[in-house]
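The region 'Disordered' annotation in TrEMBL covers 1-25, 192-241. TrEMBL lists 1-11, 192-204 with the feature compositional bias 'Polar residues'. According to TrEMBL, the domain 'EF-hand' annotation covers 102-137, 404-439. As annotated by TrEMBL, compositional bias 'Low complexity' applies to 205-214. Among the features that TrEMBL reports, compositional bias 'Basic and acidic residues' is placed at 217-232.
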């Protein structure tokens, strides 16, 4: 049957839309892959492996320069704080996503501000004054290095148009050189591993075939040609793929936030209970700091453990923005030492925002390590219009705290009152001090504090805490700078919204004894936590072998609201795994990239990624391809 002109036009329009959509996806894939490869090339121009960490400000500055950035001292200090000891490759990629390279236009604008004659030149004498006396001061030797560049200097003047062009050309040449070195290293590695597979010089990680939409799970092993086999692929080398890949597709419906596997025991209200609060704090580099706890059970008992975000909202009709943040609690048994903790279980059953576990524990000491994936608790760029006011002067000229600041301080008091008794002990106050100032309050200072502020049973009351902050404002004669340091370190923004922290509450119910829980540390995720996550995924997840030697395994674990993948490398060599989430829908992962790669050390396992639904009330599809890079 012949088609009508109208239907042909409609079909043509649909094809155009499909073509544009396809081009957009290819463009996104290319941009993300190119970004990652540039990050990796810059990193490996400074370090031998992307498993190596950045260990100093100097190394951070060097690797940023290698990536085409021009890091100021202010920029370096932003990412290397007094609490920073190391930064890894993922941290480096996150920094580069935030710090874009300077453009030629931006450079020219900066020079135009000091070109008083507007003739395209700057006198060397003026250049010395500007660069050695203003802003980020340079040394005389560094300025001499600029003025001695023959191509851009003549008659005691700098031709800044030529200088900007030279700067951009040099940056681009450094980038290309680093990429070429990366490709050479990749070829050498393939030769050492005895691989016959070729990859394109334009793309170190080869394209990955899309999984069939009809297949929910597929394993695709692509063996290397046998030795002595003279046949060559019919495809050009630029189209050859990685050694092997494995694809997993999981379709999940809208999240009901309820898991019927675990129901609160009817008699739990009669059980003995211990409770403690805590908080996840988001650092500048994206790392998450949290409390860690020691649990003591005097005898064997059935226990019921829960963790959920703590609702602190003081204003009617205003919900706490962190209630959507995922939480979990890992239970580890202490044996001979803290270095040898054994995973017992973790809270995987869910009822709304609460995660739970019920089981039997023997007598002894356990460690409780809270965890959040970082999918929901992450840096958010939000434009703040106007800074919230913290203090004001009343009719008598006396300083007072604003209503909004008092509400925030009341929430903070609730958050740091870990045992929930309405008072702050020295231990609880010291967690607050460590987070906000990096120092502890000693017994002598605490005695002075109790003498000057309202206390009860040798502990600070809510009013005493308020007065303590008012005193700090008076010490600064109303300057709120120090108060803002406290608020920002606790996850607040300049609009007094807590956007980079998630307070939570843990409840432990025991049927046969009185449990005791105590917060011991406030620190970043430990090796013990990573090991526990990996072990839980390996024990409960689906396993797929990635290589023919069965030494590289991808484990995928899912619950209704989260998917976690772990990669195990049993081989004697480090491996690079290319990860592609491009076909996933309504998903967000903790890495912030749809396409990335991870390096797995020999004889080790690591968390590849955590994935959650972006919109919980809509269906989400996890479609991930893990590929072994030759």
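Positions of Cβ are set from backbone N, Cα and C atoms, glycine also.
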Long-range Cβ neighbours of the domain 'EF-hand' (404-439) (under 8 Å; 6 or more residues past either end): 82-83, 275-279, 281, 289, 291, 310, 312, 314-315, 388-391, 446, 455-462, 465-466, 469, 483, 485-487, 489-490, 492, 496, 498, 503, 505, 519, 522
Helix, strand and coil residues within the domain 'EF-hand' (404-439) as assigned by DSSP: 24 helix, 1 strand, 11 coil
DSSP residue counts for the domain 'EF-hand' (102-137), split into helix, strand and coil: 19 helix, 3 strand, 14 coil
